[in-house]
Amino acid sequence: MRCLRTKLEDELLKEKEHVEAIRAHILRDAEALRGNVRPSNDYTETVLAAILQNQSRELIKSHRQPHFARIFFKEHGRAVKEDAYIGRFGIFERETLQPIVLDWRSPIANLYYDDSFENVSVEVDPKHPLTFDLERKRQFEFRDGSLEAFYDSENGALIDRLLLERLSARSGDKLQDIVETIQAEQNRIIRADARENMVVQGVAGSGKTTIALHRLSYLAYQKRNNAAHTQFLVIAPNRVFLDYIANVLPDLGVEGVTQFTWEDLTHHLLPKKTKFASEERKRALFFEETDNGKCEEQRVTVLAARLRGSMAFAKLLERVVEKVAKQMVPDADLVLSPRHQMTKEEIARRFFEDYRYEPYLKRRKRLLDSLSRFAQDAIKDEIARFDKRLTKGKYADALEQSAKIRAAIEERYERFARTVKNIDIYALYRKVLMSENNVSRVLATLSDDTELNEQTKRYVLTRYADSDSSWEWEDSAALLFLTRQFHGFASDTRFAHMIVDEAQDLSAFQIFVLTKLSPNATLSIFGDISQSISPYKGLTSWDEVTRDVFLDRASYKTLEQSYRSTVEIVTFANRALRHHQTPGIPLAKPVLRHGAEPEILKTSEAQEVALLIELIGRVQSEGFKQIAVIEKTMAACSAMQERLQKEASYALPLLSEKTERYEGGLHLMPIYMSKGLEFDAVIVLNPSANAYDANSSLHAKLLYVACTRALHRLYILQKDSLTPLLK
Ligand SMILES: Nc1ncnc2c1ncn2[C@@H]1O[C@H](COP(=O)(O)OP(=O)(O)OP(=O)(O)O)[C@@H](O)[C@H]1O
């Protein structure tokens, strides 16, 4: 035993010396890099300087903890055993290019993340994958920049130990990187081929957002191009969420990625005059009305939204666009003079073949430009012919005659040009919606309830009859699609890869539009159908995306393990979904991290405020800082905020769409704002039978989202009788 301990201590000493040697190298290298960066006007030198600066930044970041793991392995067919250190960033000998620490994104580092120890395939060169056996994985524990210990393992148990440690210590401040504990199933998603479209269904807390961002980092590393990050787009649900994830990408070595909410993207791409009605009325309809009389309106609203978010509608619009485009080109020859004519076939060939890569209104412009040039050439030619005759002295008033020739040809051209139709996409779209036939046909593909279909059709026809009415967000996909087909998108929205998070709240048509943003772009789509809490716009199944948008050519992956919450919290949250599970969508399985049982605290109207304040104090005194007090709706939040102020002069800040910066801490929020975020402790206010109907899958999902936001503690403050969903 004594001997063994000495051996371990010796090994630790060696590892410590190695860390110091790497640190000395880092300092030397960073100094050398700084010396090489010189300001210059030359493009190549500027790019080089940016790369050097980037490398120098990464080196400095590595100084505190140069690596987190070491692997011992043997390549098949080779006798020698090898080993490698793995860190957040690669460190190498500049002269010999020998690696000192491998970047976690490098091909060999895959050995560390794979769950198998034998026959692990690694694509150093995609054409010739190599196979390895892994002998051991070693993890290092650094505290305050000093190497304290290491742990060896010949199986996966090691990562599990570290994972549990990390999850227990996690505080829901802002999202963090997980490079030390990426799980094998997550690793496969992060490292999936950049050329493939991917849909990931992951339960709450399975790390979707986290690995989506690690995937960007991995793809940027693969490109090894300083401008790579500018080719990425992240689509996320709201500004608060974007703020919440803001720190991770720079930590992962990727900066300057474009990040948009769907609303931002829409405003960016559509003319400023396009006004959308606020979502408030709909949220109120679904979240605040408990009156059954509203049921009818809810069903019509859902179907009217599904109509405009469906791929059947997208296909209908595609057909409309094709038909309208055909009508844009006149069915007549352009006759400018007996010698200057262009056949309708030639005009159509230009429009449909020569300019086929352009959107239709750009084609129209190009066609008119070319016809105008043709007309100018015709004018010149006719005047020249006339001039020749003039030299023979046949006409007296030359100037007047030239002007007449010019005017006649120009008039014929203008008359013809007016028949090359211009298209107002807004009027076109309204016309599509006002067609009973169109609307009925699409509705029939979505529902066989003829009465509901009829009511929905009436709703749409009435809603859009007034040409001044504002648009609904459900129209944004169609308007963007028509914009793309007729005007094209600005070139600053060309991306190589797009990450869509919380995609369950987008429609299939919205995702289809994203696939059209840039030619050749691929998408990684992350979401959870069990958290689809916007019934008036979101997806009900991934089939709509994999089958109808990607035509079965996207890979579909699932994540079932939930890392965020304790076993007790996940089990409690799963209760809500028990009777409302979407077929094919599994319930969350917790990682074996235990904690306190969720507590249901009974209270009364008179005591509610005092108990809430006391509970917040109790949670804070346990050292938890990120705390969410969650209500079902914004109206209920405002009411509680007011009561706290009035009854106890207690200020509880509200998290809303208007919140610009998210700094963490204690907040009151409606469930839909808590989506995607996480907190040390969550207090759910009064989930009563009245507010959460046992038969409503929407209400079940709302509770599931609320409860799964908690990392360590979950409390239910129950004033009225508890909803059966949580019993
Ligand atoms: N492999 C891992 N190692 C350590 N922590 C992890 C790992 N995977 C996930 N986590 C942690 O689990 C929590 C949940 O991750 P994340 O928010 O990315 O999940 P999500 O699937 O997007 O959740 P939701 O859908 O509920 O919003 C985060 O705190 C994240 O750091």
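In case you wondered, yes, glycine gets a Cβ from its N, Cα and C as well.
Annotated features in TrEMBL:
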DOMAIN    181-566  domain 'UvrD-like helicase ATP-binding'
BINDING   G202, V203, A204, G205, S206, G207, K208, T209  ATP binding site
For this session: List the same-chain residues at least 6 positions away in sequence whose Cβ sits under 8 Å from the Cβ of G207 (ATP binding site), in sequence order, or say none.
Result: I178, Q183, Q186, L559, Y563
Seminar exercise, completed: Hits among V203, G205, T209, i.e. binding-site residues with CB under 6 Å from ligand 1, come out as G205, T209
Problem set entry | Other C-beta atoms that fall within 10 angstroms of the C-beta of V203 (ATP binding site) | 30
Problem set entry | Additional residues around ATP, ordered along the sequence, whose Cβ is within 8 Å of the centroid of G202, V203, A204, G205, S206, G207, K208, T209 | D528, L559, S562, Y563, R564
Exercise. Near G205 (ATP binding site), how many other Cβ atoms are within 10 Å of its Cβ?
Worked result: 27
Exercise. What number of additional C-beta atoms lies within 10 angstroms of the C-beta atom of T209 (ATP binding site)?
Worked result: 24
